[in-house]
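Trainee: Here's a structure for you.
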Amino acid sequence: MAFPKNFDWGIASSAYQTEGGYNEDGKGPSIWDVFSNQPGRINGGGNGNICCDHYHRFREDVALLKELGVDSYRLSVSWSRVFPEGAGKVNPEGLQFYSDLVDEILAAGISPIVNLHHYDIPQALYEKGGWENRETVDHFVRYAATLFDLFEGRVSRYMTLNDVRGTMLGGYVTGERAPGRRGELKAAVQGWHNITMSSAKVIENFRKRQVPGGEIGCVMGVMPIYPDEDTHECRKLAKAISYFYNDAFLSPVIAGKYPDGLLEILDERGLMPMMASDDLEVLARNPADYVGVSYYTCMRVAPREGGDPGNPMSLFERRGRDPRTKSGWEIYPDGLYDTLMHIKDTYGNPKVYVSENGAAMPDEIWKNGMIEDDDRIAYLRDHIAVTERALMDGANILGFHVWSLMDNFEWQQGFTKGFGLIHIDRETLKRSPKKSFYWYRDLVANRGL
Ligand code: PNW
C-alpha cells in the first residue's frame, strides 16, 4: 500500500453551502445571499437562507465528523459574518461562532483546515466593485489577519481561497453564478489578478507570523482537457484550453508567476489587468506551501464554428462521455491521475492535496433505513486508487479530502445535487449517514483502500 501512515484523510465543506443563519447575529449579506434569492437563478428554487442549518447544528455535525474519524476537516469562513460590510466593523458574534466551531472540531481530535474564502464575497464590497476593485485586496488582507488572530494557538493550517477560475468564470463570464454577470472578460481578468494578489499577500503575512507547524495553500479546480478528435487542430485546441483553464491558475499559486506568454496574450487582446508596480515581485516571493487540487471530471473538446469572441466558452464544443454523475459530469478517474502527474512534471513536484473529490449520484436508494450509494463508493474508490498510483509514481501528495460531508447547497444547482456522505432531509433537516459514510470511515481507519 502506497499511502503513508501520516497521509491526511479528510473531508471538506463550505460556509454558504451549509450554514444558513443568513441574517442572524449581525451577519451581513454576501453576493450569494442576494443571488440565490433572485427568482430564476437556482435550479429548484433553493437558497442558502436556512440551508443545512449548520449554524445551529454544528455540534451535531462535528459529532458526525468524529464518528467518521477523519484526520482533518476543511471548512470555510463567511467573510460577511465576520465583517458584515466586508471592511470596517468586525462582528463579535460572527467571531464567536467560528471560535466555538473550531473548538468543537479540536475537541473531536480533528485538525481544522480553515479556508478563508469560498465564493461568498460580502455584498457591500461587491457594490463597491468587488474583486474588480483593488481595495478589496486590502480588505481581504485585514479579514485574514483577524482570523489568524482569532485562531492563534488553535489553527495552523489554512487555505487562502477556493477555485479562482470558477469564481470569475461563473460570476463574470457564463453568469450562472453570483454575481450573475455575463461576457465580462475584462472584469473577470481584473478580478482574477486581484484575487491572485489577495492570496499572495495573505500568504506573505501568514509566514511573518511564524505559526508553529503553520502551512498555507490555495485551492484550485483542475480539469484535464482532452482532444475529442484525432486531428492536429483539435490537439492544439485542447492544449490551448488547458493552458487558460488550468496552468494560468496553477502557475501563480505554485510557481509564483503567470505562465509564460499569458500577460502578452492578455495585452494583445486588451485584457491586461491593472497591477501595482510590485505585484509580480510579491507574487514571486509567495508561492503557496501546497496547492489544493479539486477534481471531479475532465473535459473533451472539439473545434466549433461561429462562437462569440466575447464568450470564450462558446468557441469550442464541450463533450463528455458516459458514465456520468447526476451533474452530467463524465466519470473519468484517470483524469485525476493525469492531473496529478501534470502538476508533478510541470512544477517540480510541489506538495499537493486532493482538496475535493466526490459526486452527486442519480440513485439515492433507501434500503434498511440508509441510502445505499454504492455508485458514490465506486466513484470515490476509483479516484482514491489513481491517487495511490500517482503517489507510487512519485507525486508529492499529502492528503485526500472528500467533497462533501453532507448534501448541501450546490450553487446554481440548489439542493438538486447532493454530494454528501450524509443525507439531509430537506423538510426536517435530519442527518442520515449514507453507506458511503461508513465505507469512508473504514477506509480512514485502515489508512487506505
Ligand atoms: C467545487 N473543476 O469547485 C466547489 O469548491 C464546491 O463548492 C462545489 O460544491 C463543487 O465544486 C461541486 O460542484 C470546483 O474545474 C470547481 O474541475 C471547478 C472544478 C472543480 C471543483
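Glycine is no exception: its Cβ is also placed from the backbone N, Cα and C atoms.
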Trainee: Check TrEMBL: it lists Q17, N162, Y296, W403, E410, W411 as binding substrate. Then name which of H54, H56, H118 it lists for that same site.
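Mentor: Record source TrEMBL; matching candidate: H118.
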Trainee: Cα-Cα, whole number of Å: H118 (substrate binding site) versus E356 (active site, nucleophile)?
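Mentor: So the Cα of E356 (active site, nucleophile) lies 13 Å away from that of H118 (substrate binding site).
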Trainee: Within the chain of N162 (substrate binding site), which residues six or more apart in sequence place their C-beta under 8 angstroms from its C-beta?
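Mentor: Looking at Cβ-Cβ distances below 8 Å from N162 (substrate binding site), excluding near sequence neighbours, one finds S14, S76, N115, H117, H118, Y119, V219, S294.
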Trainee: Translate the DSSP assignment of N162 (substrate binding site) into the three-state scheme.
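Mentor: Looking at the DSSP assignment, N162 (substrate binding site) belongs to a strand.
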Trainee: Taking 10 A as the limit, how many CB atoms besides its own sit near the CB of E410 (substrate binding site)?
Mentor: 21
Trainee: Quick check for the class: what is the C-alpha distance, in angstrom and rounded, between Y296 (substrate binding site) and E356 (active site, nucleophile)?
Mentor: 8
Trainee: Whole number in angstrom, please: the longest C-alpha to C-alpha distance across Q17, H118, N162, Y296, W403, E410, W411 for substrate.
Mentor: 18
Trainee: Measure from the Cβ of Y296 (substrate binding site) and count the other Cβ atoms within 10 Å, all protein chains considered.
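Mentor: Excluding its own Cβ, the number within 10 Å is 24.
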